[in-house]
Amino acid sequence: MGIPSFQTLALPTFFFFFVSSYLLAYFRIFHNWDPKHRAEASSCFISLTHGTPAVFMAIHALTTQTTKSPSPPTFSSPNTFLHNTVLEFSISYFLIDLLHYLIFFPNDTLFILHHLATLYVFFTCRFIVHHGSFALLVLLILAEITSFCQNVWTLAGYRKADLPVAGKVFDLMSLPFFAFYTIVRGIIGPLFVYKMGVFYITQMAGDSIPVWAWVSWMIVIVTAILISIVWVFDHWIDWFKRRKAMNKLA
C-alpha cells in the first residue's frame, strides 16, 4: 500500500472552487429561498458545476494518449496525470457536498454513506493504488452525464408548488429525464460494471490492483448501481400514478 502523494495544487484549488460555488449559491443565488430548499438548491448548484464539466474532463482524459502508455488502456492501466486531475476534481466536489449533508441534513444516512463510499473509491484509486482510473472515469461519465437534467428537474421540483413555470418544467422534463436515466444507469452502467467484474475476477488485473481494492470498489459500485435502479423505478411508479390521476381529472 502506497503513501498518498499530493503532487500538484489541483485538489486544494478545486476544493476552493467548490466552496466558493456553494457559498455563492447559498448567500446570493438562492438567498431568498426558504431555509430547507435554500440548502438543497445550493447542493444542486455545485452538482451542476461538477457534473457536466466532469464528463468533458473525463472524456478528454480518456481520449488523450500518453507517450508512456501508447497502448489502449485497460481496467488496470496506470493512472495518467489527466486521470488524476479528474479524480481530484470529483474528490473535491464530493467532500464539499458531504459537508453540506453533515451540516444541514445529518440524518440523510443514504447520501452520506454514498458520498463516503465514492470518496473511498476515488481516494484509494488516486492516492494509494495509482491504477484503475480508466474504469472509474468511464463510470464517472455514466454517473454525471445525467447530472444537468437531474439538477434542473430537482430545482424545478422544489419550486413547482409556488411557481407555475417551475411546475411546467418539472412535468415536461420528467419523462425524458427518467428515460435517459434508465438507459444510462439501468442498462449501460450495469453492462460496463459486468465487464469490470469479469476482468477482475479472472485476474486479468494481475498485481496492478490489489484484491482488497478491486473487491471493495466493486462492492461500492454494484451497490450504487442497484440504488440508482431502485431510485428511478420508484420515480417511474410515481410518474405513472400522477399521469393516471391527471387522466381521471381530464
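Count begins at 1; order follows the chain as displayed.
Note that Cβ sites are derived from N, Cα and C of the backbone, with glycine treated the same way.
Just so you know, TrEMBL annotations never went through curation; they're auto-generated.
Sequence annotations record features per position, and here TrEMBL assigns domain 'TLC' to 36-244.
Residues or ranges marked as transmembrane segment in TrEMBL: 6-27 (among others). Outside the transmembrane segment (6-27), and at least 6 residues removed from its termini, the chain residues within Cβ reach (under 8 Å) are 38-39, 41-43, 45-46, 49-50, 84-85, 88-89, 91-93, 95-96, 100, 127.
Outside the transmembrane segment (39-61), and at least 6 residues removed from its termini, the chain residues within Cβ reach (under 8 Å) are 17-18, 21-22, 24-26, 29-30, 33, 80, 82-83, 85-86, 89-90, 93, 96-97, 100-101, 104-105, 137-138, 140-141, 144-145, 147-148, 150-151, 154-155, 158. According to TrEMBL, the transmembrane segment annotation covers 39-61 (among others).
Annotated transmembrane segment per TrEMBL: 81-103 (among others), in sequence order.
The list of residues near the transmembrane segment (110-129) in space but at least 6 beyond its ends in sequence, with Cβ under 8 angstroms from a Cβ of it, reads 1-2, 4-6, 79, 84, 87-88, 90-91, 94-95, 97-98, 101-102, 136, 209-210, 213, 216-217, 220-221, 223-224, 227. The transmembrane segment annotation in TrEMBL covers 110-129 (among others).
Among residues of the same chain six or more beyond the transmembrane segment (135-158), those with a C-beta under 8 A of the stretch's C-beta atoms are 33, 37, 40-41, 44-45, 47-48, 50-52, 54-55, 58-59, 61-62, 75, 83, 86-87, 90, 121-122, 125, 166-167, 169-170, 173-174, 176-177, 180-181, 184-185, 188-189, 192-193, 196, 217, 221, 224. Taken from TrEMBL, the feature transmembrane segment applies to 135-158 (among others).
Annotation source TrEMBL lists transmembrane segment at 170-194 (among others).
Among the features that TrEMBL reports, transmembrane segment is placed at 214-233 (among others).
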If you average pLDDT over the domain 'TLC' (36-244), what do you get?
93
Outside the transmembrane segment (170-194), at least 6 residues beyond either end, the same-chain residues with a Cβ under 8 Å of its Cβ set are 135, 138-139, 142-143, 145-146, 149-150, 152-153, 156-157, 160, 218, 221-222, 225, 228-229, 232, 235-236, 239
